[in-house]
Amino acid sequence: MARTKQSARKTTGGKAPRKQLSAKSARKGVSPASSAGAKKSRYRPGSVALKEIRRYQKSTDFLIRRLPFQRACRSVVKECSNATDIRFQGPALASIQEALEVYLVGLFEDAMLCAYHAKRVTVFPKDISLVLKLRSRHVKSISD
């Protein structure tokens, strides 16, 4: 069989027309949406969260994006000091971000322990406030 080039075909540019429901099925009250497609499959509760946990535990990237963090740093520094033009070196911002993320991850780990102690799996604001209170007491006892 000889090989030949195929020419481009014209398309109508739309979806194929839907089939009309027969009069019998229309009388039964079957909606076209329910009979047309199957129910969309969903993951079981918690499996997506576990997948995200595994992904973030594998990665070494920053959890907070760089530019929003940089803007937040600049706004905090502007509020604290009177200087109008403040510049940061890239490694300085990266080290501040690294330290902040380590602190926040530790805070949420301890808050999760508080939630488990209360026989819950959801972290509430009261868990975070408890962790902060316990940490401040620990710091005061060390400094005395």
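Even glycines carry a Cβ here, placed using N, Cα and C.
What Swiss-Prot says about this protein:
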- 1-45: region 'Disordered' (REGION)
- LYS5: N6,N6-dimethyllysine (MOD_RES)
- LYS5: N6-methyllysine (MOD_RES)
- LYS10: N6-acetyllysine (MOD_RES)
- LYS10: N6-methyllysine (MOD_RES)
- LYS15: N6,N6-dimethyllysine (MOD_RES)
- LYS15: N6-acetyllysine (MOD_RES)
- LYS24: N6-acetyllysine (MOD_RES)
- LYS28: N6,N6-dimethyllysine (MOD_RES)
- LYS28: N6,N6,N6-trimethyllysine (MOD_RES)
- LYS39: N6,N6-dimethyllysine (MOD_RES)
- LYS39: N6-acetyllysine (MOD_RES)
- LYS39: N6,N6,N6-trimethyllysine (MOD_RES)
Residues that sit under 8 angstroms from LYS10 (N6-acetyllysine) by C-beta distance, when 6+ apart in the chain: none
Alpha-carbon distance [LYS39 (N6,N6-dimethyllysine); LYS5 (N6,N6-dimethyllysine)] in Å: 43
Neighbouring C-beta atoms (10 Å sphere around the C-beta of LYS39 (N6,N6-dimethyllysine)): 6
